[in-house]
Amino acid sequence: MSESDDQIDVRHRPSLEKINDDDEGSEDAVAMKRQLSLFNSITLIIGSIIGSGIFISPKGVLGVQWFCWWCLIVWSLCGVIATMGGMCYAELGSSIRKGGGEYTYLNEAFGEILAFLMLWVNFVIVTPGNTAIIAQTFATYAIVPFYADCDPPPWAITLVAEACIVLVFAYNCYSVRGSTAVQDVFTVAKVGGLMIIIVGGIVFLFMGYTEYLEDAFKGPGTNVFRLSLAFYNGLFAYVGWASMNNMAEEIVNPRRNFPIAAISSMTIITVIYVMTNIAYFTILSPQEMLASDAVAITWGELALGPLAWLMPVAVAMSTFGAVNGTALSSSRYVFVGARDRLLPTLLSMIHINYLTPLPTLIAMMLITGLLCLYQDTSSLINYTGFSYWLFVGIVTTGLMWLRYKRPHMERPFKVPIIIPDSIHTYLLFLGFISIFAAPFEAVIGTIIILTGIPIYFYGVVWKNKPTWLRRFLDGSLEFLQRLMFVVQQEKATY
């Protein structure tokens, strides 16, 4: 979505001139650097996936089953499916070393219209909406100690959530290395919180607390539809394996690190999720889990006694880390989409000193902050939830199409064809099932996606814009560029 077809290149204007302009390969080149190590990549994936769900509401799977062991089986199989999905994305990321994740892969395989629709719905609703919900959860548990005898007031939650959003996006604007360091610390902290639950569960197992696990298949029964909904809910807890793909241009040695990070992180998360649910079942019945608003808090009150305050702290740290991971990774697909001229040119620029996509981060911060003021943000996500699995299914279809379309493309990591074939079939089935489970939300979500079509035709297809409009857009771009002290990236790092 370029502001003008003959946009003036202002990268070398005197006020924005950098040192060594002519040496794009120098250390002074204005471009985002490859500085995310293997450990950074693993913590980015783990930190982006593990948010509040496993602490607060793992009952999405249990709620449609009521079988303890069926619940554990579903969590395990969802982990296997997510790992297979991560392997598919590892092949794409190590082969197409361009940032942007799913947007880039859809663009490479099927063209820019489908890629733009995915980009549009994620940019304006799905990603900022999810981030707003996580920030609200962080705020709730961060201020719980100050409201011991009552629930925190809505205005206090909103203020703290907005402060969290501003803080996270602000330091993401300042430093990539600092943001990854924050991600590392909070990922270790949230895993530590879950380890408290897991170790506690192991202790209770040795103490003989196996009543609910022994009656593991006692419940109301199941059928294919209920089981499908259980998998639908369970797999949502694993969403986030594409976070590293969004930052492909900043990953050190992507050929090696993509498959290692994807497989190891998804394996770690699967083990943690299953063990955490086993720990819950040692002292909580299925009915108690379903009745709890925050399962980890309820478990902590029964198991930890005076140390029960550790669980709200763990939830707060986990959600803060998830907000950071989302800001760090999701801003990159918007940046790449703008660089491909599908979004305003300003969003494709980086700060000349910090080397971060500052305009994109500011735009996402504003949208997220606005949605955070809306108390029922989750309803917006429900409207577009089915489309997520639809697009991911299409991405895995694109992997198979690229093997046919570009058979000689370098593929340092290549998965057996049965894996993408199985994943794309399953994910498309999930999208299909969600239409029947929530038809109204599916219709509204489809309408929201289709709103991207006129935006695409205005920004991309309509080339001959009126002179006055082009001058206004060009002038606005130059003003904002100078205000933010940003320039277009001078070299592609993929």
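The backbone N, Cα and C atoms fix where each Cβ goes, glycine too.
The feature transmembrane segment is assigned by TrEMBL to 38-58 (among others). Long-range Cβ contacts of the transmembrane segment (38-58) within its own chain (Cβ-Cβ under 8 Å, at least 6 residues beyond either end) map to 86, 134, 137-138, 180, 183-184, 186-188, 190-191, 193-194, 236-241, 243-244, 247, 251-253, 256-258, 260-262, 264-266, 268-269, 272-273, 276-277, 280, 289, 293-297, 311, 314-315, 318-319, 321-322, 324-326, 328-329.
Tertiary neighbourhood of the transmembrane segment (64-92): same-chain residues 45, 101, 105, 212-213, 215-220, 222, 226-227, 229-231, 233-235, 237-238, 241-242, 245, 258-259, 261-263, 265-267, 269-271, 273-274, 277-278, 281, 286, 392, 395-396, 399, 402, 411, 413-415, 419-420, 422-423, 426-427, selected by CB-CB distance under 8 Å and a gap of 6+ residues from either end. TrEMBL lists 64-92 (among others) with the feature transmembrane segment.
The feature transmembrane segment is assigned by TrEMBL to 113-135 (among others). Here the transmembrane segment (113-135) has Cβ contacts under 8 Å with residues 51-52, 102-104, 106-107, 161-162, 164-165, 319, 322-323, 326-327, 330, 333-334, 337, 342-343, 364, 367-372, 374, 377-378, 380-381, 383-384, 387-388, 391, 394, 448-449, 451-453, 455-456, 460 of the same chain, all six or more residues outside its ends.
Taken from TrEMBL, the feature transmembrane segment applies to 155-174 (among others). The list of residues near the transmembrane segment (155-174) in space but at least 6 beyond its ends in sequence, with Cβ under 8 angstroms from a Cβ of it, reads 131-132, 135-136, 138-140, 142-143, 147, 182, 320, 323-324, 327-328, 331, 351, 354, 356, 358, 361-362, 364-365, 368-369, 372-373.
Residues 43, 46-47, 50, 54-55, 272, 275-276, 278-280, 282-283, 296, 299-300, 303-304, 310-311, 313-315, 317-318, 320-321, 324 of the same chain, all 6+ positions outside the transmembrane segment (186-209), place their C-beta atoms under 8 angstroms from a C-beta of that stretch. Here TrEMBL flags 186-209 (among others) as transmembrane segment.
TrEMBL lists 229-248 (among others) with the feature transmembrane segment. Beyond the transmembrane segment (229-248), the same-chain residues lying 6 or more positions past its ends with a Cβ under 8 Å from any Cβ of the stretch are 36, 41, 44-45, 48-49, 53-54, 58, 60-61, 63-65, 70-71, 74-75, 77-79, 81-82, 85-86, 89, 92-93, 96-102, 104-105, 254, 258, 261-262, 265-266, 269-270, 273, 325-326, 328-330, 332-333, 385, 388-389, 392, 430, 433-434, 437, 494.
Per TrEMBL, the feature transmembrane segment maps to 260-283 (among others). Within its own chain, the transmembrane segment (260-283) is flanked in space by residues 38, 41-42, 45-46, 49-50, 54, 58, 68, 71-72, 75-76, 78-80, 82-83, 86-87, 89-90, 93, 191, 194, 197-198, 200-202, 204-205, 209-210, 212-213, 237-238, 241, 244, 289, 295, 299, 302-303, which lie at least six positions past its ends and keep a Cβ under 8 Å from the stretch.
Counting only same-chain residues 6+ beyond the ends of the transmembrane segment (309-331), those with a CB under 8 A from a CB of the stretch are 44, 47-48, 50-52, 55-56, 101, 122, 127, 130-131, 134-135, 137-138, 141-142, 144-145, 164-165, 168-169, 172, 176, 179-180, 182-183, 186-187, 189-190, 192-194, 196, 240, 243-244, 246-247, 294, 296-297, 299-300, 357, 360-361, 364-365. Marked as transmembrane segment by TrEMBL: 309-331 (among others).
According to TrEMBL, the feature transmembrane segment maps to 352-374 (among others).
As annotated by TrEMBL, transmembrane segment applies to 386-404 (among others).
Positions annotated as transmembrane segment by TrEMBL: 416-436 (among others). When Cβ-Cβ distances below 8 Å are used as the criterion, the transmembrane segment (416-436) is approached by residues 81, 84-85, 87-88, 225, 228-229, 231-232, 235, 385-387, 389-390, 392-394, 396-397, 399-400, 403, 442 of the same chain, each at least six residues removed from its ends.
The transmembrane segment feature in TrEMBL is assigned to 442-461 (among others). Through the fold, the transmembrane segment (442-461) approaches residues 1-2, 112-113, 116-117, 120-121, 125, 341-344, 382-387, 434-435 of its own chain, all at least 6 residues removed from its boundaries and within a Cβ separation under 8 Å.
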